[in-house]
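Beneath this line is the structure, given in structure tokens, with notes to follow.
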């Protein structure tokens, strides 16, 4: 591995996309001028080898893509426009410079699709596993608040796409079942796409909407809406859309992946029926998916329930731990 400064020169962007950026990589800190009538939105996420990925299931470029995608998804859940990102990587001796460069290339390829600029970061050596931490900065119009605590009794519950594909893809990778017909499931796990456009459409409605991104599984994300809102959420099994790529699996496995698999990076939320009807119209006009899957009620003994042919039962707040021993 060459010296840090030589590596930084190699990954420094040749051009910037955001006009608000005054100084990027090359000084002690970046400088940008906030856009008028907007507020800044910031988030950070960390991926650790052996916890969030393994070299058996993801290439270096896919690790980079997913590390940035997870953060962009958090901004999508706030209805924000992504602008900048910073990356900190702890590198063990088992990873070489070419692999490290591929991680950045994976991030850069995704960032280019959303005109997001890399403006800084850090690299350090470690004897532990590879750790990739990404901070993303974006903006949202003044007063737009798509917060988890916004749910109210009487709201409908919605999601912006099918769930469970990422967990299915991981299962196939771990079991070395890699036929051509499962490539969409592998891609859902290795190179997920954040729902930035969907988040922006919801922000543009300027209505009371509770929103969360599905990173840890639908059950967990709905708990994170119900708890701060002091309400309960009931979803219906028959209303959960099933991906055509999951049809070969049994119903129980499908449901487990949809509820607890995570890393789908779709958006889940609640809104009044009137607002939801406006959502549906806009999503249809943009050829985007949105599904009504349940309703919000006054607080019951549990926060989240599912109704199916066996009746109504509470859902635990848990997400699937992919690499748990």
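Glycine residues also receive a Cβ, built from the backbone N, Cα and C atoms like all the rest.
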According to TrEMBL, which candidate in 104, 114 joins 121, 122, 148, 215 at the ATP site: 104
Nearest-integer angstrom distance between the alpha carbons (Cα) of residue 148 (ATP binding site) and residue 213 (Mg(2+) 3 binding site): 10
Binding-site residues compared (28, 122, 263) - highest count of Cβ atoms within 10 Å: 263
Nonlocal neighbours by CB distance (under 8 Å) for residue 215 (ATP binding site), same chain, sequence gap 6 or more: 70, 73, 74, 221, 262, 263, 264, 265
Among 104, 121, 122, 148, 215, the record's ATP binders - longest CA distance, Å: 32
Residues that sit under 8 angstroms from residue 216 (Mg(2+) 5 binding site) by C-beta distance, when 6+ apart in the chain: 262, 319
